[in-house]
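**Student:** Structure incoming, see below.
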């Protein structure tokens, strides 16, 4: 017996009345079409439906700047140069550009298109695609919440260093004296002044993750300041964020250009640039180079967090999001390459400085040990003189030999560092040796702050947009209160990272809170649009929205290449975790003045499992809950038409 379709008119939040039809038999559970979600029929609004329309970006340029400010972040400055260093310099650009074309641009366009079409945050957007997909949006919100709790700690550290950058000399330029003032503190002597300032003065790090220690009040105050700045930037939604992104998107480039000019004039900068642009083509056969290129593109663009969907939801429906996806992708990748040029010029200066300092120490040691004439021993004849001394005075040379360091410019350039080690140790090591070091330190940490705050605008938008879209929440709390509560909750949890063991917990969140979860989220997003909602149906929606037909490139990437690539990355990370066995971390050993490897304790492993499960399980659990709810409703007596 056929089931008759009954259509009823219900109030819609954007001052219009939407016709919603009861599903027929065999109808796909895709819910109302995205076209209807974005463009409801124009009818006279009922009195109860008179609500404020959705806010929009003042200009399309604000949207582009918001996406650039969000996507161009700390990863462009401290991870991409590291990957170049690890995978053959210029040859790494080949897999990087390939992954940009087959993964980065298509997935970025997909998220922008979904957000702009549905004009809702991540939860509402995927509910519009299918009621069973609400969990995808929930998972994005959970991952973004985790990200916000620890990401803003980087801004707190940047504030801490910025405040100390006005001191002369810089506090990390020399080791402090010991209590007797007879020498330097032993920990600093065994490490370096920059490492000591980072691990002891900034973090006051504990020997292991088991020893939590107390909250460090100075970094804690900096964290409060960082969240206050973020709150002021997001206070009035797109109205305030749209103005802030002009600064967070543009000013970092001004600082990078200034640093580029300064970097190119530094002694030894060319050594770093030659190292970067000299390709090692054998790295193209290394699977890890391709995997890391794909991973960098994926996380650098911020896919899966829901931030891009949130930003696009404030666009005009006719906005050309395809063009903007291409622009943002290219600018993001170009910034990574540009930042690498700046970084490698600094690398070259630092490596050359350390290399020449090492040579000078060896020359001084040999000159004093063998009573050589001052100026006789130089870098050019050092190896020849060492061979002569070893043959002429073998017994005396054997006594001195253990103190002779092996100085190598190549090994200095190959010392690869990423993350906080690059930002707060390697860069500060180079800055302290520059003239007018206070100026360069202020500029550098000001740039880090702008990059960090710009990314935080997108991270918080991923949480706030679904919350403000919710009628239940927004009817009780104004937007300013919702923003304040989210910032307050994140700040309170973030205090964990200001404890003595906070750096270890920071690494746990950074390594495990998002990696597998985001891969699963974006995979489900792509499969849902192409195979659940229907690629041809989505193509029709996009054509109706922008007036442009979808070409073969986007359909091929969405329908096959990108999902297969994500599955490959997912399998790689799972197998890597399994092969690795017991998960380990780097702990600071004050007695040795260096990092040592330790196994994570059981409670830390439990937290890692919860971080991964709490987001990924949202997808099947919400789908199951929706299925049960719909089955229960189906058992109710049918309404009389």
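Quick reminder: no glycine exception, Cβ is built from N, Cα and C everywhere.
As the structure is a computational prediction, the values presented were derived from the model and not from experiment.
Below, the features straight out of TrEMBL:
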TRANSMEM  56-73  transmembrane segment
BINDING   71, 72, 76, 300, 332, 451, 455  Na(+) binding site
TRANSMEM  93-114  transmembrane segment
TRANSMEM  135-163  transmembrane segment
TRANSMEM  214-234  transmembrane segment
TRANSMEM  246-269  transmembrane segment
TRANSMEM  289-314  transmembrane segment
TRANSMEM  326-347  transmembrane segment
TRANSMEM  442-464  transmembrane segment
TRANSMEM  485-506  transmembrane segment
TRANSMEM  512-535  transmembrane segment
TRANSMEM  556-575  transmembrane segment
TRANSMEM  604-624  transmembrane segment
**Student:** List the residues of the same chain that sit at least 6 positions away from residue 300 (Na(+) binding site) in sequence and have their Cβ under 8 Å from its Cβ, in sequence order, or write 'none'.
**Tutor:** 71, 73, 75, 76, 79, 80, 332, 333, 336
**Student:** Would you list, in sequence order, the residues of this chain other than 71, 72, 76, 300, 332, 451, 455 that have their CB within 8 A of the centroid of the site's CB atoms, where the site is the one recorded for Na(+)?
**Tutor:** 68, 70, 73, 74, 75, 301, 302, 335, 336, 454
**Student:** When you measure from the Cβ of residue 72 (Na(+) binding site), which residues in the chain that are at least 6 apart have a Cβ under 8 Å away?
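**Tutor:** Sequence-distant Cβ neighbours: 249, 252, 331, 332, 335, 451, 454.
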**Student:** Are the transmembrane segment (556-575) and the transmembrane segment (246-269) close enough that 3 or more Cβ pairs fall under 8 Å, when only pairs 6 or more apart in sequence count?
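**Tutor:** Answer no, regions not in contact.
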**Student:** Sort out the residues at least 6 away from either end of the transmembrane segment (485-506), same chain, that have Cβ-Cβ distances under 8 Å to it, and list them.
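**Tutor:** Sequence-distant neighbours of the transmembrane segment (485-506): 145, 148-150, 152-153, 156, 203-206, 208-216, 219-220, 223-224, 227, 230-231, 234, 420, 460, 463-464, 467, 477, 585, 587, 604.
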**Student:** For the transmembrane segment (289-314) against the transmembrane segment (56-73), do we get 3 or more Cβ-Cβ pairs below 8 Å once near-sequence pairs (under 6 apart) are dropped?
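**Tutor:** Result for the transmembrane segment (289-314) with the transmembrane segment (56-73) is yes.
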**Student:** Would the transmembrane segment (135-163) count as touching the transmembrane segment (604-624), i.e. at least 3 C-beta pairs under 8 angstroms with sequence separation of 6+?
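**Tutor:** Between the transmembrane segment (135-163) and the transmembrane segment (604-624), which are separate recorded stretches, there is contact, as judged by 3 or more close Cβ pairs.
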**Student:** Which one, 56-73, 214-234, 326-347, 442-464, 512-535, has the most C-beta pairs under 8 Å toward the transmembrane segment (135-163)?
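**Tutor:** If we count Cβ pairs closer than 8 Å to the transmembrane segment (135-163), 442-464 scores highest.
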**Student:** May I ask you to check whether the transmembrane segment (214-234) and the transmembrane segment (442-464) make contact, with contact taken as at least three Cβ pairs under 8 Å and only pairs 6 or more apart in sequence counted?
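**Tutor:** Counting Cβ pairs under 8 Å (6 or more apart in sequence), the transmembrane segment (214-234) reaches the transmembrane segment (442-464), since there are 3 or more.
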**Student:** Do any residues of this chain, six or more beyond the ends of the transmembrane segment (512-535), have a C-beta under 8 angstroms from a C-beta of it, and if so which?
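**Tutor:** Sequence-distant neighbours of the transmembrane segment (512-535): 28, 30, 34, 107, 110-111, 114, 126, 129-130, 133, 136, 139-140, 142-143, 146-147, 150, 298-299, 303-305, 555, 558-559, 562-563, 566-567, 569-570, 573-574, 608, 611-612, 615-616, 619.
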